């Protein structure tokens, strides 16, 4: 049993490292946004979805909900902070209509979390019942996080271009899903296993699309678009 717990801890640490890079993998995308001072055709959907996903998992890992889940709290706490930073950048460089959608989405997520915490701590007593409720909710929102790139994948297929589907994010999603699925199997936890199994599949599909449409992507247009956006931004500042 001790060996299983030790192995699970090691796998969990590896999962934390991979998840750390997963959360940082959109960095090149945000460098482009900051340089262009425009979100261009990038969408905030995956990052807004991940904010809620991380918040739910942080709550799931609390000792009074699901004991012995410190590694779940640490990585999702970091994830929550970095995703809020990403959403803030989207907010700053979006037009007002897009900003309104971001505000509404974040308010809905905050209200949902407040209600979820109140219901869990008020009406459920004992970690078994609390784990089941938050685990089911976590599965639902993990699925939302992994399926949110569907809008991007649809664009990739329609345009035969992977310009707006970050490769490192897709690769990190795939690796992250595999490691956390193994973590869940070592001390069977269906609430971690199910969403990460689906995450592995989602990441794999994205990698296949990247391989299929990489050669048909016009990367030169990306540089021109950044230059055009920068030019427009400079003129508007004058």
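Note: Cβ is positioned from N, Cα and C throughout, glycine not excepted.
Just so you know, TrEMBL annotations are computer predictions that nobody has curated.
What TrEMBL says about this one:
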- 6-25: transmembrane segment (TRANSMEM)
- 46-65: transmembrane segment (TRANSMEM)
- 71-93: transmembrane segment (TRANSMEM)
- 102-126: transmembrane segment (TRANSMEM)
- 132-153: transmembrane segment (TRANSMEM)
- 165-186: transmembrane segment (TRANSMEM)
- 192-214: transmembrane segment (TRANSMEM)
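Between the transmembrane segment (46-65) and the transmembrane segment (165-186), fewer than three CB pairs separated by 6 or more residues in sequence fall under 8 Å, so the two stretches do not touch.
Distant neighbours of the transmembrane segment (192-214): 72, 138-139, 142-143, 145-147, 149, 153, 156-157, 160-162, 165, 167, 170-178, 180-181, 183-185; these residues of the same chain sit at least 6 beyond its ends, with a Cβ under 8 Å from one of its Cβ atoms.
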